[in-house]
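Input: a single structure, listed below in structure tokens.
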Amino acid sequence: MKHLFQGDACLHAGFCASVPQPPTITHQSPKDYIIDPRENIIIHCEAKGKPHPSFSWTRNGTHFDAEKDSKVIMKPNSGTLVIDISGEKVEAYEGVYQCIARNEHGSALSNNIVIRQSRSPLWSKERIEPITVQRGMSLVLQCRPPAGLPPPIIFWMDNNFQRLPQNSRVSQALNGDLYFSNVLMDDNRNDYICYARFPHTQTIQQKQPITVNVLDSKYSPSGERAPTFMQPPGMHSTSMVLKGDTLQLECIADGLPTPDISWSKVNGDLPSGRFSFHSFQKTLKITEVTDADGGDYRCLARNRLGSNHHIITVVVRAAPFWISAPQNLILAPKESGMLTCRADGNPKPTVTWSVNGIPIENSHKDPSRKIENGNIILSDVQTGSSAVYQCNASNEYGYLLGNAFVSVLAEPPRVLTPPNHVYSVITNSRALLDCFASNIHQNLYIIHKNNTLEINVARPVHSGKYTCIASNSLGNKENHVYLEVKEPTRILRQPEYKVVQRNGMAEFECKVKHDPTLFPSMIWLKDNMELPDDSRFEVGSDSLTIHDVREDDEGNYTCIRNTTLDQDSASAMLTVVEATPTPPIIMEQPDPPRDLELTDQREHSVRLTWTPGDENNSPIQLFLIQYEDSLHEPGVWVNMTEVSGTSTTAHLELSPYVYYSFRVLALNEVGLSEPSAPSRQYRTNPAQPEVNPSDVEVIGTSPDSVTITWRELTGLESNGPGLQYKVSWRQKDVDQQWTSLSLANVSQYVVTGTPTFTPYEVTVQAVNEYGPGPSPEVVLGYSGEDLPTVAPENVKVYVQNWTLAEVSWDAVPLSTVQGRLNGYKVSYWKLRSLHKQDPEPKKPQELIFQGNETEGLLFGLHPYSQYNLNIRAFNGKGDGPTSSNQIFETPEGVPGPPADLKVENLNLDSLIVKWAPPVEHNGHLTGYLLKYQPINTTDKLGPLKELLLAANETSITLDNLKHSTRYKFYLNAKTVKGAGPTVTEEGVTIMDEALIQHPAVEAGKGKEPWKTEFVNGTRTYQIRGLKPGMSYRVRVVAKDHSDATVHSTEELLITVPAMTSKQVDIATQGWFIGLMCAIALLILVLLIVCFIKRNKGGKYPVKEKEDAHQDPEIQPMKEDDGTFGEYSDTEDHKPLKGSRTPSNGTVKKDDSDDSLVDYGEGGDGQFNEDGSFIGQYSGKKEKDTAEGNESSEAPSPVNAMNSFV
């Protein structure tokens, strides 16, 4: 035995349990303590010490005398304050509190605890105008909730209290605003409502609904566009976060189509495992922020038109955190010690010291104490110099306060290491013995500062008993420990390099030598990774076998043998080569086992052995053992157990009172074999039951009974004949004997005559002829419930606003519930409107409040209405009696929209606006607000005008309007609570006919100039003389007296069909043209001959005769125009043979042949048989009644213009 000595005692914190000790704060309230103004304030302060400390408090830096305030109670033997604020203003107790725990050895301080009450202020009154936005534009709906403490939780809902759907296009920002990247027509609604829920007071405040009107116009400028950032704006922003907090970065982009958002960190990666995306990728969240998370983060918004990015610079700051907090010191007189206080933060925190709550520079001088580099050095301490030191580390983001006591004790030594502890190590390894000793003078031993003994190279010779002795001037103490040096674990037969054909088998050995008192485990690795989860890999006790080897099995295999103290490992390579062709192997299920034999027969066990059948080219994987109980279930074979395919024996645990027969089946890759022949029968002796019925339940089915149910035992579990169930019961918490009853072949029993909803203890025990089963467990249940007998009282209703009320009541006494109180049902219904008589009362609505709740909110009330309300408690049986009805009224609210808004024409500059009062007045109407503004041809809105109208008005005539102009009207009904929803309508003033000439019809071919003809008194017009096979552009134009275009329709493309064979134009036929040329040539030749003869011989008889009697039909060739007398210009318009002649016998001039006709927008052109075009134009509105082609009435310019409005 080795004897080790120590000069000084080493004391442990547990040693302080029975010796003097300065105070230590063990529990305190959080630094920032937000209280509910409806509940008492509890400020925790618990401390320990010897003797037990006393407590005092400061508030806002001055002494707080709890005894002088009747509302303040300090708990006994505790510093915890309980402040009753009923009937008091909570503000009177807000402030900064600090607890001081004192005893004769020092004073410990709690943190500064800031007490603030939670606040849920009302939403400021505001008037929210409807928001009008073009389709496709971005939009932000601002929430701006009232500032609460703590801040409220924001969510958006509609009038039906359904959350508004959000997606990548529409989402809620971190500040609660609702952002639209682009607006769709589906966003047009009048019930965007922002709600703020204040968690401490469980109240919900509602903002006024926001109306969004989405305009859809083909002239809208909001087409597709690349992304830009809505939040945060611009290209760069900065975010500050404290170390350890959660960082949330947000990017919301405008764009059409909706942009996709992605995040990355500039010059780095996002922190693995600590980041996540929220709000459809728009928010990046990083938890447990570290200094490495500072830097630039890029959010990229992209759609098919382009991309844009925003850089957010994250600055990480840190509240103070401990590097080394001050630790308690227990010193003996004359000893030395040091208190350290090391803290860090960003910015670097300032560290100050206090003693017993007094700044160290103001405390009494102690020659044994000095401060160096922020640490307190204690030397040659004296008895009675115990104290509590406070270290405060603070910066602008917070502070740390650490208490550490210095206790100077004069006590005899105590050894705290467990006696007779056994240490086990491996030979040639290091041994560390936690024992307090010194003065060892051998090179094999090392004594550490904490007096731990180290043996650098332990050998079997070092095994044995070691004793340490602790001593000081007041006494000594010794302790014994033991060291066992074990043999190392070594692999004797290592795995070897293998070359195996594909589909073959590879086997690696790994046999080990180890200390007999240690039990090694084995782990196999492939390429330093876990083995594949594949049944082909079979791990034996000293080997690894790989069946059906594949190419991907090739690699390095490592065997690791572990014990609790050491390990050894070895590796080998496996190479897989292509298999040589082999004849196909036919595999079949194995033959059944044979020669079953029962050996080692005992009362409750037996060993079964067998001989395997032929494997049939597939190794047997396992054997399945089945049994038949011919006593309880003859002919039924039950699976009992499975054993490895290499085993031929199994040890079987048996139950009493069973007639066993066994059989065995073999399983290979193909399937199960046929069963073996049964073994001989083996009977076990009866015994008392080993288990009791399970699933015991106690159910109260009626107010005066208890039903006890259980699952019966099987024949195998009965263990003997005469199975019965001993059912026992008694009332809980009542000095009452058990009542018992034995039953057989049943699974339930009903106990009658019980009090209502009373707890009962129940047991069910199995009993047979050989004795009872084990002691049963006690099951607790209740008799049946009955209806509650008392209605809730003191029902009060507090109306919050015109749609919300709060109801409260007193809880019913639990003794009257007659069961388990499930909650309360609040029924309320509208009796009538305070404005008008409702045709029939509304059906009651019901709200259920679970458990012990005694207050709740009624949502969705109708403004300015009278309601009735009652409450009843309910349990599992049903509802109790109803409380007396409480009638309450809701205040006036904003009215509903005016009904049936219409706009009618009056004359050129006036319109009549008519409407009906709102269906829902929701109060006394104070009037109507009418707004209107003109709309020009591009759908742009003009200046807005407003009119306040009396409540009894339902129409108004608006004079001095601009003629021929469309106006948009907005109408709201108003009560004292404000304006209700807006309804809109449009109307048009009548056009001034004096300003418009008759509409003109214009036509043109291709890119040729337009030809114009004015319409004279008809709405249809026939265009004649168009050329067959040609295409014409046609439009209708309205112009004023200055010839300026007032309106023009869209162009209509008309194609004139080619003439059919029955409509051949002779003038265009080749034979006719050839004939005319031949005649002209003959006449020319004749004239030349006559001219020659005349020059030679003067006049010939015929010429003289011609001179004397000139035929007006035959004229000589004129020198000025070169025409022939026989074919003059005067005959150009004579009808040709075979051509059509108008029925009136007239033919128009050429410049009239291309005249046009009016047409309507979208109308199809029609053609007569002669190729003329017939078109028609008319107004779009149903009011235009001038139709038809035969109207003798002049066309109205107003109707012509209405076609194009």
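Every residue, even glycine, has its Cβ placed from backbone N, Cα and C.
As the structure is a computational prediction, the values presented were derived from the model and not from experiment.
Residues or ranges marked as compositional bias 'Polar residues' by TrEMBL: 676-687 (among others).
The compositional bias 'Basic and acidic residues' annotation in TrEMBL covers 1101-1121.
Per TrEMBL, the feature compositional bias 'Polar residues' maps to 1188-1205 (among others).
Per TrEMBL, the feature domain 'Ig-like' maps to 23-110 (among others). The residues of the domain 'Ig-like' (23-110), classed with DSSP into helix (H, G, I), strand (E, B) and coil, number 7 helix, 47 strand, 34 coil.
If you look up TrEMBL, you'll see 121-211 (among others) marked as domain 'Ig-like'.
Per-residue confidence over the domain 'Ig-like' (227-317) averages 93 (mean pLDDT, predicted model). What TrEMBL lists as domain 'Ig-like' is 227-317 (among others).
According to TrEMBL, the domain 'Ig-like' annotation covers 320-407 (among others).
Positions annotated as domain 'Ig-like' by TrEMBL: 488-575 (among others). The domain 'Ig-like' (488-575): residue composition by secondary structure is 3 helix, 47 strand, 38 coil, according to DSSP.
The domain 'Fibronectin type-III' feature in TrEMBL is assigned to 592-687 (among others). Using DSSP to sort the residues of the domain 'Fibronectin type-III' (592-687) gives these counts of helix, strand and coil: 0 helix, 50 strand, 46 coil.
Under the heading domain 'Fibronectin type-III', TrEMBL lists 692-786 (among others).
Residues or ranges marked as domain 'Fibronectin type-III' in TrEMBL: 791-893 (among others).
Residues or ranges marked as domain 'Fibronectin type-III' in TrEMBL: 897-993 (among others).
Annotation comment: TrEMBL describes 674-699 (among others) as region 'Disordered'.
As annotated by TrEMBL, region 'Disordered' applies to 1101-1205 (among others).
As annotated by TrEMBL, transmembrane segment applies to 1071-1092.
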Contact between the domain 'Ig-like' (23-110) and the domain 'Ig-like' (227-317) (at least 3 Cβ pairs under 8 Å, separation 6+):
no
Which residues of the chain, 6 or more past the ends of the region 'Disordered' (674-699), have a CB below 8 A from one of its CBs?
591-594, 596-598, 601, 603-604, 606, 608, 610, 626, 628, 630, 637, 654-665, 706-713, 717-721, 723, 725, 747, 760, 762-774, 776-777, 779-782
Please spell out the DSSP helix, strand and coil residue counts for the domain 'Fibronectin type-III' (897-993).
1 helix, 53 strand, 43 coil
How about the domain 'Ig-like' (121-211) and the domain 'Fibronectin type-III' (791-893): at least 3 CB pairs under 8 Å, pairs 6 or more apart in sequence, or not?
yes
